[in-house]
Amino acid sequence: MAENPLKLTAPADPVERQRARNAAHPERGPLFPATVPWRAVLVFLLVALGGAWLVMLPVWLSGDGLTSPLFGVLTSAMMFTPTLAAFVVVLFVRRPPSIPRLLGLGPLRPVKRTLGMVLLASVLLSLLPLAALFLGSAMGLVKLDLVHFSALEATLELAGQPHSPDVVSRAVVMQLALIPVIIVINALATFGEELGWRGWLLPNLRPLGTLPALGLSGVIWGVWHAPIILLGYNYQRTDALGVLLMTGWCVLLGVVVGWMRLRSASVWPAVFAHAALNATTNIYMIFVDRDSVATSTWGSILGWSGWIVLGLTIVVLLATGQLRKQPLPGLTLAESRADGAGVRSGSAD
C-alpha cells in the first residue's frame, strides 16, 4: 500500500513541530514583536487605566472612600481591567499567531519548569513579606508581638469572638496552615491583573530591553492603582505621593514577578507569585503588636524594609544572570537558543 504523503508533512521532532506551529500563520507576523507595538500599547493603557477609574467611580461618587460597602467588590472587579485590555488588543488591534502562547497561558510544557516556577513563586513570595516584616522590626519601623499576638487578639476581641491565649494560638496556627489554600483562592483574582501586566504588556515592551521593559511595565502597574491609592489605600495618603510610593514599589516587585514570567515563558508563576504576596502580607499582620498596626505599613513588604528586601532579590537575579534566561513558549532554554529567536530574547540589556 502506498504511504500517504500527507503524513510526512508533520515533523517528527518535537522542536521541529513547535517551529512549524510558530510559522503556522506568517500573515499575522511573529508571535513576539521585533519593535514595541505602540498603538496596541496605547489601546491597552486606555482600557486598563480608564477601566480602573470607571470601575471605582461609584466609590468616589459615594464619598465613603475606603469605608464604602462597594469598595471590596469593585476593587476585585478592577483587577480584571488589565485582562479586558489584553483581550481587546489581541482580538481587535494586534492579533498574534497564537493568543494563548503570547499571553503565556500555554503550552505548559516543559511541565517541570512551569510547575517548578509556580512552586518557587508561591514559596518565595510567601517568604519575602515575612523577611520584610522582621527586617522592619530590626529597623524599628514596626513592633512585633510573637508571644501574645496582640493584633490578632484585638481583632478577635473587636469581632466579639473568644480571645483567650489558647484561642489566639490556635487561630495563629490555623491562619498559617491556610496559606496554600488562600494562595489558590487569591490566584483567581490575581489572574485578572497578571494576564494583562505580565501576560500581554511585558512581552510587548520587551523589544526595549529586559530591564527597561520590566521598569516601564512596573511604572504602568503602579499608576494603574491610583483610583484606590488616592483613597488612602496601602499608604494612608490621598495625594500624589501615595501614588508615587506605590509606583516605586510596583517597579521593584514587577522586576521579581516579571522575571518569573520571562524565565518560565508562562504567566502562571506570575499569577501565583502575586497571589502569594497578597495572601501573606495580610496574614503576617498577626505577628504585629496591636499598638503598631496603624503604622505597620512602613515595616512591611509595602514599606521601606520591603523595598530593601525586593532590591536585594533583584541584585541576586542580576548577579546570577537570571534575567538573561528567557526561553520561548513550549521550548527548553537550550532549544530556544538553538531556535535562534531565543538568543535575542535572552539578553538582559
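Note: Cβ is positioned from N, Cα and C throughout, glycine not excepted.
Automatic prediction, not curation, is the source of TrEMBL annotations.
The feature transmembrane segment is assigned by TrEMBL to 40-61 (among others). Counting residues 6+ beyond its ends, the transmembrane segment (40-61) has Cβ neighbours under 8 Å at 68, 70-71, 74-75, 77-78, 81-82, 84-86, 88-89, 93-94, 196, 200-201, 204-205, 220, 223-228, 231 in the same chain.
Taken from TrEMBL, the feature transmembrane segment covers 73-93 (among others).
Marked as transmembrane segment by TrEMBL: 114-135 (among others). Here the transmembrane segment (114-135) has long-range neighbours at 108, 142, 144, 179-180, 183, 256-257, 260, 263-264, 266, 268-270, 272-277, 279-281, 284, 287-288, 299-301, 303, 305-306, 308-310, 313, meaning same-chain residues at least 6 beyond its ends whose C-beta is under 8 angstroms from one of its own.
Under the heading transmembrane segment, TrEMBL lists 172-192 (among others).
Residues annotated as domain 'CAAX prenyl protease 2/Lysostaphin resistance protein A-like' in TrEMBL: 178-279. The helix, strand and coil residue counts that DSSP assigns across the domain 'CAAX prenyl protease 2/Lysostaphin resistance protein A-like' (178-279) are 86 helix, 0 strand, 16 coil.
Counting same-chain residues at least six beyond the ends of the transmembrane segment (213-235), those with a Cβ under 8 angstroms from any Cβ of the stretch are 45, 48-49, 52-53, 55-56, 59-60, 65-66, 71, 75, 78, 81-82, 193, 197-198, 201-202, 205-207, 241-243, 245-255, 258-259, 297, 302. If you look up TrEMBL, you'll see 213-235 (among others) marked as transmembrane segment.
Sequence annotations record features per position, and here TrEMBL assigns transmembrane segment to 241-260 (among others). A Cβ distance under 8 Å defines the sequence-distant neighbours of the transmembrane segment (241-260), meaning residues of its chain 6+ beyond its ends; these are 117, 120-121, 124-125, 128, 194, 197-198, 202, 211, 213-215, 217-219, 221-223, 225-226, 229-230, 232, 234-235, 269-270, 273-274, 277, 302, 306-307, 310-311, 313-314, 317, 322-323.
With a cut-off of 8 Å between Cβ atoms, the residues of this chain six or more beyond the transmembrane segment (267-287) that come close are 103-105, 108, 114, 117-118, 120-126, 128-130, 133, 144-146, 149, 151-152, 171-172, 175-176, 179, 182-187, 189-191, 193-195, 197-199, 253, 256-258, 260-261, 293, 296, 300-302. As annotated by TrEMBL, transmembrane segment applies to 267-287 (among others).
Marked as transmembrane segment by TrEMBL: 299-319 (among others). With a cut-off of 8 Å between Cβ atoms, the residues of this chain six or more beyond the transmembrane segment (299-319) that come close are 128-129, 131-133, 135-137, 139, 141-142, 234-235, 248-249, 252-253, 255-256, 259, 277, 281, 284-285, 292, 348.
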